[in-house]
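Engineer: Feature list, courtesy of TrEMBL:
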- 20-39: transmembrane segment (TRANSMEM)
- 24-474: domain 'Major facilitator superfamily (MFS) profile' (DOMAIN)
- 60-79: transmembrane segment (TRANSMEM)
- 91-109: transmembrane segment (TRANSMEM)
- 116-135: transmembrane segment (TRANSMEM)
- 147-165: transmembrane segment (TRANSMEM)
- 177-200: transmembrane segment (TRANSMEM)
- 318-340: transmembrane segment (TRANSMEM)
- 347-374: transmembrane segment (TRANSMEM)
- 380-407: transmembrane segment (TRANSMEM)
- 419-440: transmembrane segment (TRANSMEM)
- 446-470: transmembrane segment (TRANSMEM)
Amino acid sequence: MASAPLPAAIEPGKKGNVKFAFACAILASMTSILLGYDIGVMSGASLYIKKDLKISDVKLEILMGILNVYSLIGSFAAGRTSDWIGRRYTIVFAAVIFFAGAFLMGFAVNYWMLMFGRFVAGIGVGYALMIAPVYTAEVSPASARGFLTSFPEVFINFGILLGYVSNYAFSRLPLRLGWRVMLGIGAAPSVVLALMVLGMPESPRWLVMKGRLADAKVVLGKTSDTPEEAAERLADIKAAAGIPQELDGDVVAVPKKRDSEEARVWKELILSPTPAMRRILLSGIGIHFFQQASGIDAVVLYSPRVFKAAGITSDNQLLGTTCAVGVTKTLFILVATFLLDRVGRRPLLLSSVGGMIFSLVGLAAGLTVIGHYQDEKIPWAIGVAIASTMAYVAFFSIGLGPITWVYSSEVFPLHVRAMGCALGVASNRLTSGVISMTFISLSKAITIGGAFFLYAGVAVLAWVFFFTFLPETRGRTLEAMSKLFGATDDELKPQDGATKDKQKLELAATGTN
C-alpha cells in the first residue's frame, strides 16, 4: 500500500531558516562569554591579586563573589530596557557596560578601584545574562529552541575556558602586571560583540509588541521551519500581545500600556498569581536557585584552591589542571546542545543532577580523607577528588547548566517574560554571590570536604524539586507553554486595560462605531 504524503505542517524544515536562527542565537549568546571569562579569569587572578594587594581571605572572597550581587541591578534593569529599546540594542548596551568595567579592573591601582570596576562589570553581566536567553528563545523555532537557547550556557563555558587559558598565558608576567592584563583583556570581546550584534534582526515578539507586524513577519519567515509555522507563531504572538487576529498591516495600533501595566505584571506574577502562574514562577526561580546552590561556582571559581587541597601545590600545575576543568565543561556542554531537543529537558535534567550528587559525594569523601592525612599523600584519594571534580562539571554541563537558561526563558507568558526572566537571573546571581562569598569561610568552618557534602545535600533537594515541579517543555510553542502548568484558556487572555483596548481595536478592524 502506498503511503500517504506528509502534510505540509510536518515536512522537514528549511535548512536555511535554521541556519539563520542559528546565527542569531550565536551572536546573542556571545554576551555570555563576558560572565564566563570573568568567572574563569578570577579563579587564577585571585592568586596574584591576594599577593599583590596583600588582602585577607574575607576581602578576597567578597571581591570574587560581589560581581554576582552587582549583576542584580543589571538583570532587573534589563527587563525594562529591553521592552523599551528592543532586545538587540540591549545586548549592545550590555557589551558597552562590561567594556567599561573590564577597563577599570585592568587599570585598578588598589582594592577599592578594583571593586568599583567589578560593580560596573557586574551591571553589564546582569544585562547580558537576562537578555541573551530571552532573545534566543523568542527568535527560535519550537523544533530547535532547546538547542539554540542552550547557547548562552555554551558561551559561558567557553568564556570560562578562555579565562583559564588567560590565567595560564599571563601567569609568567610580573606580579603587578599579570593579573591586571588578565582582567583588562576581557574588554576586547565586548567591543567585537557590540559591532557584530548590530547585524542581527530584532526579536519578532518585541516587534509585534510595538505593532510592527511587517517587520515581525520578515523575521518569522527567516526563522521558522515552514511558512505555516511562521503564520502560526505570528497568530500566537498577536494573541498574547492583545492584538485581534483580523487586524493586519505593516504597522498597527497596539493596546496601550496604562500607568498600571507594570503594577498588573507584578500582581499577576508576584502579588496575586493564579495557581498556574505561581507554579511557573516557582519553577523559573527554583531552577536558577538550585543551579547555583548545588555548588558549581565553588568548584569553578575556587578550582585552584580545591586542587591545592587535593595535593597539587605548583601554581603552573594548579592552573593547568584548572584548564582541564574548563575543557571538560566546554566539551560536555556541546554534547548537551544536541540532546536537548532529542531527549528532552526533563530526562537530561534529572540524570544530570543524579550524577552531580554522586560526584559531589566522591569529591567530598576524597577531600575529607586527604584532610585527615595532611602529612602524607594518599594517591587514591587525590585521584578520587580530581576525577570527581571532572565528573561533576561534566554532569552539570550536560544538563543542569544549559537547561536552566532554556527552561526559564521559555516558561513565562509573553506579557511577564521580561520580568520573570529578570527574577530568575536575580535568583541565580544572588545565590551564586552567596556561594562565592562564603566558600572560603565555610570550608574553614566545616572543612572543605564538609562544604561539598553540604552541596551534595542541596543537590538531592534539587532532584526532588525538579522531579515534582518541572514538566517537559520540548516541542511546545512559547505561547502554549502555560497550559503545561495548568493554565486555563481564560487565564491566557489579556486582562484589565488590555482587554478593553483589544475590544476597541476589534471594533475598529470591523468598521463598527
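Any Cβ shown, glycine's included, is placed from N, Cα and C.
What TrEMBL says about a protein is an automatic prediction, not a curated fact.
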Engineer: Over the domain 'Major facilitator superfamily (MFS) profile' (24-474), work out the mean pLDDT and round it to an integer.
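Structural biologist: Here the mean pLDDT over the domain 'Major facilitator superfamily (MFS) profile' (24-474) amounts to 85.
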Engineer: Could you pull out which residues elsewhere in the chain have a CB under 8 Å from any CB of the transmembrane segment (60-79), counting only those six or more residues past its ends?
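Structural biologist: Apart from its flanks, the transmembrane segment (60-79) reaches 35, 38, 42, 46, 49-50, 90, 94, 97, 111, 114-115, 118-119, 121-131, 297, 301, 418-419, 421-422, 425-426, 429-430, 432-441.
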Engineer: Hey, which of 91-109, 318-340, 347-374, 380-407 has the most Cβ-Cβ pairs under 8 Å against the transmembrane segment (446-470)?
Structural biologist: 347-374
Engineer: Should the transmembrane segment (380-407) and the transmembrane segment (177-200) be scored as in contact, given a threshold of at least 3 Cβ pairs under 8 Å and pairs 6 or more apart?
Structural biologist: no
Engineer: Of the listed stretches (20-39, 147-165, 347-374, 419-440), which one yields the highest count of Cβ-Cβ distances below 8 Å with the transmembrane segment (177-200)?
Structural biologist: 20-39
Engineer: Give the one range among 20-39, 91-109, 347-374, 419-440 whose Cβ atoms make the most pairs under 8 Å with those of the transmembrane segment (147-165).
Structural biologist: 20-39
